[in-house]
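Notes for the one structure printed next.
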Amino acid sequence: MAAPMDRTHGGRAARALRRALALASLAGLLLSGLAGALPTLGPGWRRQNPEPPASRTRSLLLDAASGQLRLEYGFHPDAVAWANLTNAIRETGWAYLDLGTNGSYNDSLQAYAAGVVEASVSEELIYMHWMNTVVNYCGPFEYEVGYCEKLKSFLEANLEWMQREMELSPDSPYWHQVRLTLLQLKGLEDSYEGRLTFPTGRFNIKPLGFLLLQISGDLEDLEPALNKTNTKPSVGSGSCSALIKLLPGSHDLLVAHNTWNSYQNMLRIIKKYRLQFREGPQEEYPLIAGNNLIFSSYPGTIFSGDDFYILGSGLVTLETTIGNKNPALWKYVQPQGCVLEWIRNIVANRLALDGATWADVFRRFNSGTYNNQWMIVDYKAFIPNGPSPGSRVLTILEQIPGMVVVADKTAELYKTTYWASYNIPYFESVFNASGLQALVAQYGDWFSYTRNPRAKIFQRDQSLVEDVDTMVRLMRYNDFLHDPLSLCEACSPKPNAENAISARSDLNPANGSYPFQALRQRAHGGIDVKVTSVALAKYMSMLAASGPTWDQLPPFQWSKSPFHNMLHMGQPDLWMFSPVKVPWD
């Protein structure tokens with residue numbers, strides 16, 4: 001006879017885990033021809049509890065006699081690298097990763113070790129995040145053979161080109177940092193798969209392994225460039241809001257960001273890295289400028305992806321996605337001569353001391369993928385309670401395929417007292433080249449830089465920001481049922497939960513009428529907020545809240561939502577978390 005249905009919370013979790021494991025097994029079978037996209041389960045999955053403990057620390061040690069690497073529990077000061085994961089997802093919506101490397105060892109070993117220890121403390125979260133987000137990518141149930149083969153070939157060719165460039169330029173700081181980034185990814189994947197083999201020469205990165213977690217943003221543009229039938233971003237799909245606010249009298253400069261993403265991506269980790277890498281491969285090079293950094297991130301991802309970083313160099317770097325709607329530009333997306341955005345992002349954060357240098361590093365080898373508006377705030381140039389320094393406080397960069405435009409916008413920040421970013425290009429040349437004029441002609445002001453709903457809400461409400469708490473309030477704002485700026489005249493019903501600083505597209509009626517897909521009901525919206533200030537950034541800290549906004553709206557609850565059948569392993573059912581000050585010791 002059939003076993004009785006277990007309707008308890010634990011029973012539902014167990015059924016979800018069994019379903020996920022079955023999917024994982026099937027995915028491994030179907031994807032074996034494409035290099036096996038699903039990584040082998042880590043040793044943590046031999047335990048009964050699918051979630052990590054409240055706290056876990058591990059160190060990677062090098063045995064001097066044998067030359068072997070080994071993982072040990074706890075902190076060991078002579079280790080190559082160490083990491084602690086504090087799992088507070090059920091309490092705050094966040095886990096916290098604190099990772100450090102030992103400058104007594106060479107950079108390459110440090111980088112590999114950083115990946116190893118991160119995977120060793122977060123393997124359960126990595127597995128669940130993989131299952132929630134990318135297990136079906138290129139199979140088993142959404143499998144476009146032609147596209148997946150093209151993607152695999154593109155990534156293999158790009159990895160091979162970068163390996164050649166690293167070999168041709170062994171003394172280059174740029175390529176040294178690219179190599180360290182790939183070694184960190186290699187260590188992450190090796191550790192998760194239960195092997196520790198430090199590569200001394202060339203090394204391989206699986207094109208459809210953990211690289212998929214790093215290139216989530218790049219895929220938004222690789223998909224249309226490689227002619228995928230069903231592409232990731234829908235027309236008008238927003239991906240983040242950001243606000244930089246100069247307070248009256250210049251007594252503070254606040255930087256805030258909220259990420260718009262699928263709700264399946266809500267397994268979150270705030271990470272702190274302390275990396276003792278040198279700028280270049282020789283001992284005489286100084287330490288990288290951005291060797292200390294904190295950022296909002298995801299399991300198995302070695303950069304932010306949101307993106308939001310506080311750097312020890314005094315910079316805060318963040319972006320919102322602008323995309324590309326001009327098919328003629330996809331010709332610039334090629335595997336040779338380009339470095340994917342996720343790597344350029346990391347390298348710029350490591351090497352730059354100011355906004356201009358950051359832009360110079362980032363714009364090299366433009367891939368035309370993960371096309372964003374970047375904001376680089378330099379707190380070193382900001383004078384609290386003082387006049388405008390004239391330049392250097394705010395640098396804006398916009399990238400699309402074949403084009404990168406950069407400008408110092410300090411003067412504009414001091415004139416208007418704010419800079420808002422909401423997925424539409426600021427520079428006219430980028431706006432026109434990316435094909436947005438056609439969308440304005442077809443759909444109206446929704447795609448306009450100055451008349452978009454978020455542009456108007458920011459313009460109306462930015463003056464209400466007085467401190468970090470009121471900044472959080474604005475960045476979580478969504479009163480779509482009552483705010484006239486949230487109305488969509490071509491929609492039925494007209495109030496639309498996408499038209500807010502922090503979207504809640506799950507609240508749009510499923511049976512409504514909408515002019516384009518982004519305005520429909522989706523398991524998508526603003527899933528966090530991060531805010532920093534002069535004082536917070538000085539101590540590498542931020543105020544952060546995880547999950548969809550619930551300030552003016554009912555909190556999101558998986559079990560009561562239209563999307564309760566979506567896989568969301570490891571996530572709380574009810575998302576009703578208040579902001580927390582990130583607790584670094």
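Using the three backbone atoms N, Cα and C, a Cβ is placed for every residue, glycine included.
The disulfide entry in Swiss-Prot for C148 points, among C138, C240, to C138.
Per Swiss-Prot, the residue from C338, C488 that shares a disulphide bond with C491 is C488. According to DSSP, C148 (disulfide bond) sits within a helical segment.
In sequence order, S55, R56, T57, F75, L97, D98, L99, V121 are the residues near N84 (N-linked glycosylation site), counting only same-chain partners six or more apart with C-beta under 8 A. All chains included, 21 other C-beta atoms sit within 10 angstroms of the C-beta of C488 (disulfide bond). With N432 (N-linked glycosylation site) as the anchor, the candidate recorded positions are N102, N106, N227, C491, and the one with the nearest CA is N227.
On a Cα basis, N511 (N-linked glycosylation site) lies 15 Å away from C488 (disulfide bond).
You'll find the Cα of C491 (disulfide bond) roughly 11 Å from the Cα of N511 (N-linked glycosylation site). Residues near N227 (N-linked glycosylation site) in space but far in sequence (CB under 8 A, at least 6 apart, same chain), listed by position: Y147, K150. Under DSSP, C488 (disulfide bond) is assigned to coil, being neither helix nor strand in the three-state scheme.
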